[in-house]
Amino acid sequence: MKFNELNLSADLLAEIEKAGFVEASPIQEQTIPLALEGKDVIGQAQTGTGKTAAFGLPTLEKIRTEEATIQALVIAPTRELAVQSQEELFRFGRSKGVKVRSVYGGSSIEKQIKALKSGAHIVVGTPGRLLDLIKRKALKLQDIETLILDEADEMLNMGFLEDIEAIISRVPENRQTLLFSATMPDAIKRIGVQFMKAPEHVKIAAKELTTELVDQYYIRVKEQEKFDTMTRLMDVAQPELAIVFGRTKRRVDELTRGLKIRGFRAEGIHGDLDQNKRLRVLRDFKNGNLDVLVATDVAARGLDISGVTHVYNYDIPQDPESYVHRIGRTGRAGKSGQSITFVAPNEMGYLQIIENLTKKRMKGLKPASVEESFQSKKQVALKKIERDFADETIRANFEKFGKDARKLAAEFTPEELAMYILSLTVQDPDSLPEVEIAREKPLPFKPSGNGFGGKAKGGRGGRRGDDRRERDRRGNGRRDEFKKGSRGNDRFDKEKRYRKDNKKPRNTLSEKQTGFVIRNKGDK
């Protein structure tokens, strides 16, 4: 369906056309008419499907710009998502004259208060900062007509449930509420029951939770071999833009440093970075000044960056929903992408949990060899030399070196000179700088009937799952080769001893339901 068939005003349609959009995405096509009718909506769709426009366009349509009041509130999980949503809402509402402000932690609250006083029709913010402003009476909610919860599952995972409930309780009851989430855990459903009026459900089928445009692979690799395995794959694939996910802030810092040592243009983002640096890194990544962005799950929430071709899960995510969000960074706007997850041998059971959620089976991928990496880097160097020789600006400087060049040509053969140039351009695989990445414990192995080991049907933790993988691998190119033989008693005994020596606190209900055990820093 085209946007001009959705009963939107001429002002909005003009801005939509300027942005180059013609066809509405499925979530937009189904949500916009319901929202324009004033109905509450719960929308479930993967990231990158146009959720901001799905709630933003009908919200902008209802704004009365002649009234200097805050009429809509958008709650977002992270600073980055708040800024991006504010920018998109401002872009679409520009012709209509809608004022949109964003508020978030890590920036001066005084400046944000001043901006709110200067006028706003829509406010986009993170839960903590919104509550601060409400308590200071700098954010007045009495005229709110539309409340939007964006990436609701992420706000839940980040522990914002109480803050969200506190904010909702202060918004007028006769409001319209729009809730969007990539996944729909029970706590999110309870919000719908408690705070929404007969909401309409718009849902992307589970089989589409991860887009078909993303080829999903995994590599079974030991912890100490992950970094070299990943960088060789990058050498071979030569991704235009890649995001690498690490589980901790320390991991992000170490990976960023290591990638720079190996010659990649890389920067990292995590919660400890100040806001100015985070925005600078993201701007450089969007503009192509960086090849690789390294991030924690929290720091990457809601990133809307076009052109990401590869996602590397250096650490397997701690919950399956995070996997959906991670790979949603690629395969956007009709373009294909690739995700590669590195899995320690005793983390194999976690893949089935992810697959149960995404309804898509990951393919085993064979690691690239040292020689394949070296050959790829040489090809890149040769192409760069060819491009430079075709550049008239570069060739104009050649004559400055004419006398010295002729002297070298008299002493050495063209082949020797070419080999020397390549040796300066391409890192020798035998002399690559060493990179140390601190080892972290793999996710805890937890045998059960849900794919974490034992004898779960089709589970990856048991022998049958591996045998199926071996059969799938044959004839399918670069697939992972599994060791043959028993994975039974010896492994079970080791896991039994591991569990005995690493007793965990009692599991919460959500941990029992998902199978994932998340502990605070310092817990064994």
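Even glycines carry a Cβ here, placed using N, Cα and C.
Checking Swiss-Prot for motif 'DEAD box' across the ranges 78-81, 150-153, 270-273, 426-429 points to 150-153.
Long-range contacts of the motif 'DEAD box' (150-153) within the same chain: residues 47, 51-52, 55, 74-77, 81, 85, 164, 179-185, 188, 191, 301-302, 321, each at least 6 residues beyond the stretch ends and with a Cβ under 8 Å from a Cβ of the stretch. Considering only the binding-site residues Ala45, Gly50, Lys51, the Cβ with the fewest other Cβ atoms within 10 Å is that of Gly50. Residue density at Thr52 (ATP binding site): 25 other Cβ atoms are found within 10 A of its Cβ, drawing on all protein chains shown. In three-state terms derived from DSSP, Lys51 (ATP binding site) belongs to a helical segment. Neighbour count (other Cβ atoms within 10 Å of the Cβ, all protein chains): 22 for Thr49 (ATP binding site).
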